[in-house]
Amino acid sequence: MLLHNKTLAGKALAFIAEEGYVPSMREKFLGWNVPPEYSDLVHPHWRAFPAPGKHFHIGLAIIYSMLLIMSLVGNCCVIWIFSTSKSLRTPSNMFIVSLAIFDIIMAFEMPMLVISSFMERMIGWEIGCDVYSVFGSISGMGQAMTNAAIAFDRYRTISCPIDGRLNSKQAAVIIAFTWFWVTPFTVLPLLKVWGRYTTEGFLTTCSFDFLTDDEDTKVFVTCIFIWAYVIPLIFIILFYSRLLSSIRNHEKMLREQAKKMNVKSLVSNQDKERSAEVRIAKVAFTIFFLFLLAWTPYATVALIGVYGNRELLTPVSTMLPAVFAKTVSCIDPWIYAINHPRYRQELQKRCKWMGIHEPETTSDATSAQTEKIKTDE
């Protein structure tokens with residue numbers, strides 16, 4: 001609950017700023033257990049809020065423990081099956097494996113948060129904060145650009161099925177680019193060259209600083225917002241828009257030809273293959289939508305921190321976007337398990353106990369062989 005008595009808050013903040021932390025108020029305000037030498041990790045904004053009860057921390061620890069298990073099981077399963085199945089070792093699926101790796105990197109944050117929740121402070125202080133933030137920065141920006149790469153691949157594969165498919169070398173170059181993309185805004189705050197990492201919310205998680213009231217912080221947050229969110233979003237919307245346009249034009253052409261030939265349908269084996277690819281594209285679009293749902297609240301919080309009304313930024317309102325982001329990294333692999341036809345076939349073969357029933361299709365085999373030939377070029 002937000003402290004409404006402004007006079008009391010002002011006195012508390014003044015005393016805290018002078019003394020570093022206040023033993024007599026340990027059960028009342030955030031930052032009560034942060035010693036003076038680490039006081040820079042806690043922005044004065046958070047010190048005006050009552051410290052959350054232990055049950056809040058335990059609740060978060062339980063939630064993140066469940067998310068950790070789901071993420072590791074799901075993403076490791078994706079990497080295992082896509083990497084060891086010949087029919088799934090295609091350039092397009094290299095992006096899926098890359099996305100799963102970024103999701104696992106995000107999962108590395110979760111044990112740190114669980115431990116921090118029981119300690120009611122950030123584990124490892126400044127070093128722990130930096131490590132936690134680096135994991136979040138790499139995984140968040142990596143997921144964004146990998147989603148953009150998947151959108152580009154789906155557009156090329158479906159719009160130009162004969163000569164538009166990426167080969168393995170091209171896919172590897174794009175994946176390497178996604179790793180390059182995450183580097184600047186991960187390393188600069190880490191080295192404190194531009195921006196910095198600091199605690200947020202319940203002070204058991206860390207991210208880049210979006211509360212310091214100076215021009216340097218405003219410019220940094222604006223740039224990372226454009227770099228990590230806006231640019232990937234533009235690419236994703238562009239490629240999926242073109243993909244939808246291509247599908248509509250293709251279907252329109254088939255209807256017109258069928259009408260001229262006085263037949264019901266002109267669907268061939270190639271069109272059945274295209275239908276399977278469209279199904280996979282729908283999976284990719286679903287994951288993009290989940291990404292948007294997860295990271296838009298976090299981006300909004302950061303912008304409010306530098307440009308908006310900071311009274312809206314309570315510990316709870318800044319912790320929830322982090323939970324959403326972690327949840328999506330756990331859901332991604334299960335979306336594929338439910339919807340990806342060839343992935344379901346492999347799961348059916350290797351994990352019969354899951355009770356999956358996905359029939360073998362000629363179109364899937366043809367698609368796999370086509371991509372395999374393209375890979376070897």
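Keep in mind that glycine also has a Cβ here, set from the backbone N, Cα and C atoms.
Note that the structure is a prediction, hence the values are computed from the model and not measured.
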Worksheet item: In Swiss-Prot, CYS129 is paired in a disulfide bond with which of CYS206, CYS223, CYS330?
Response: CYS206
Worksheet item: Are HIS55 and LEU312 on one side of the membrane in Swiss-Prot?
Response: yes
Worksheet, complete the sentence: DSSP, reduced to three states, assigns CYS206 (disulfide bond) to strand
Discussion item. Roughly how many Å lie between the Cα atoms of CYS206 (disulfide bond) and LYS326 (N6-(retinylidene)lysine), rounded to a whole value?
Written reply: 14
Worksheet item: If we call contact 3 or more Cβ pairs under 8 Å (sequence gap 6 or more), are the transmembrane segment (283-306) and the transmembrane segment (57-81) touching?
Response: no
Worksheet item: How many other Cβ atoms are found within 10 Å of the Cβ atom of CYS206 (disulfide bond), counting all protein chains shown?
Response: 27
Fill in: Cβ-based contact of the transmembrane segment (220-247) with the transmembrane segment (133-152), 3 or more pairs under 8 Å
yes
